[in-house]
Structure formats: structure tokens, C-alpha cells
Amino acid sequence: MDASVDDLLSFKEFPLMNEASGSQSAQININSPQRAVPSIDDQDDQDGTAKGSGSAKGGSIFSFEYYQRFFDVDTMIVVDRIATSMIPKRAPINYLKLNIATNPDLYGPVWIVLTLIFTIAISGNMASYLQNTGNHHWRYNFHLVSYSATAIIMYTLLVPCALWGFLKWSIRPSELDMEEEEVVGSPSLLSLVCIYGYSLAIYIPVSVLWTIQVSLFQWLLVITGAFLSGFALLTILMPAVKKSKYSLFIVLAIELAHFALAAGFMLYFFHAPDIDTPVETPLPKAITSVIVNTTMQSKNA
């Protein structure tokens, strides 16, 4: 065992044959590590893949890939945008430019709109049932689905279109020459539809609470929901609105439209109509005396 250990620790020369010179010498070949460089073909393949994916995103308007990019979001982005649409001052100043304009999506707005349509229809029928307690002839009103769908879809599409056109027309000419500020000064139509779609998320829980048949509580929900959602909406749009010549008018129009939508939901689908109870008016003394005389004569006869 000791001899073998000494043999292992002793220095020895191992002869290597040099095929070129035929001489025998001890050589130590030390090669520095080299980094593998991709070939030109691999680079071409990588570029081709990227180009192919880019062309797929910008496909024809009649292809599925064209609309797929509008739904390319994950759960965390959708949750963050829903929270930003409900909590005022949560969005930073450049939220429209960095978060919405770079990746406007329709996934969240579509699901929010569909959920709100059926939530209002179901909750509206529940409120109608509570208002007609004891009425055995009450029936479910399926027309509330079409009514709520018409109101919500028109608001989600028409209001952003009107705001987009007004911002395009009223923007100051000095900002149009600045390429960096153009995105902030004039947001795209898709970005506005995305923002307004998310702004309706707060009315989903509010519509359930509207079934409570207390008029004061219902109006407090209208004011609270419209204020929170409208203020958060203005926080996101303010960098674009303040560059318009009529910024004050736009702010008032946005807030009034948002409040009118909330008040319209509550009054049409949930608010109990005021029923005037008939008041019994006393008959004049002359008429009562005539009635008494006629009854006495009939008894005597």
C-alpha cells in the first residue's frame, strides 16, 4: 500500500509521439475554454422564428391571430387593472402610457361586461320579487337581460368613441409635433375601450347590494360607486385630458356620464316606484244629508 502511494505521488514524464517531426517530447496541451458561438444558420433560424411570430400577430383582420393579441394577458395584469379601476390614486401618473397603451386588452372588459349584464338582470329580478312580496302572480322578467346588455354595451363603446374623437379634435397643435407626447395626448380607441371596460367592475358588487330595498342606502351606493370608479378613471385619463383645450368640459362630461349610468341602473332595475295611496276625501255635508234622507225615506216606505 505504501509503494503504491509513493508511485502516485512521484513525478513522471509521459512521452508523446509527435507525428510531424517524429521526435519524442513531453508536451502539455492547455486549451483555454472557448465560448460556443452560434452559427449563422442558427441566427437565421432565430430571426426567422421571431419574424414569423411577429407576422402572426399582425395577421389579417379576418384571422384568429389578429384578435388573439387583444387577449394576451395574464391573471395578475387583469387583477391589477381591476384594482386600479376601483381605488383612486392607485395608478401612477404615466399609467396610461406605460401600462395601458403598451398592452391594451379586451379580455378583462369582455368578462366584466358579460358578468355585469347578468348580475344586474338577476339582481333586478330579485329586487322586483322583494318589492312584490305576497304577490302570487309575480314572474321573472327576462327582458332585463336585453335591457342591461343594451345599456352597458352602448356605454362601453359609444362613450370611448366620443371621447377619442373629441380628444383628437381638441388636442393642442404643439403637442402633435412631439412624438413622445403623442401617445399620452391622444390615446388610442382600444386603450379607451379597455379603460372604460375595467371601470365598470365596481358595479358588479354594487348591483348585488342594490337589492336591499332602502332608498337612502341605494343612493349612497350610487354616489360611492360613481365617485370611486369615476375618480380612478380620471386619474388614468388625466395626462391625456389635460392636454386638450377643453379639459374642464371633458372632466365634467366624464363624471356626469359615469354618475348617470349608475343612477340609471339603480332607478330602472332596483328602485321601488313610489305608489301614491288614495286619500279618502270627505263628502260635503249637503250630499251626506241627501243620502241620509233618501235612506230614511226608503226605510219608511
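Note that Cβ sites are derived from N, Cα and C of the backbone, with glycine treated the same way.
Unlike curated entries, TrEMBL annotations are predicted automatically.
Residues or ranges marked as region 'Disordered' in TrEMBL: 20-56. For 20-34, the entry in TrEMBL reads compositional bias 'Polar residues'. Among the features that TrEMBL reports, domain 'Yip1' is placed at 100-261. What TrEMBL lists as transmembrane segment is 106-124, 144-167, 188-210, 216-237, 249-270.
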Close approaches to the transmembrane segment (249-270) from elsewhere in its chain (Cβ under 8 angstroms; 6 or more beyond its ends): 120, 123-124, 127, 144, 147-148, 151, 155, 159, 163, 166-167, 170, 199, 203, 206-207, 210-211, 218-219, 221-222, 225-226, 229-230, 233-234, 237, 241
Candidates 106-124, 144-167, 216-237; stretch with most C-beta pairs under 8 Å toward the transmembrane segment (188-210): 106-124
For the transmembrane segment (106-124), sequence-distant contacts whose Cβ falls under 8 Å of one of its Cβ atoms, 6 or more beyond its ends: 70-71, 73, 78, 81-82, 141, 144-145, 147-149, 152-153, 156, 190, 193-194, 196-198, 200-201, 203-204, 207-208, 210-211, 265, 269-270
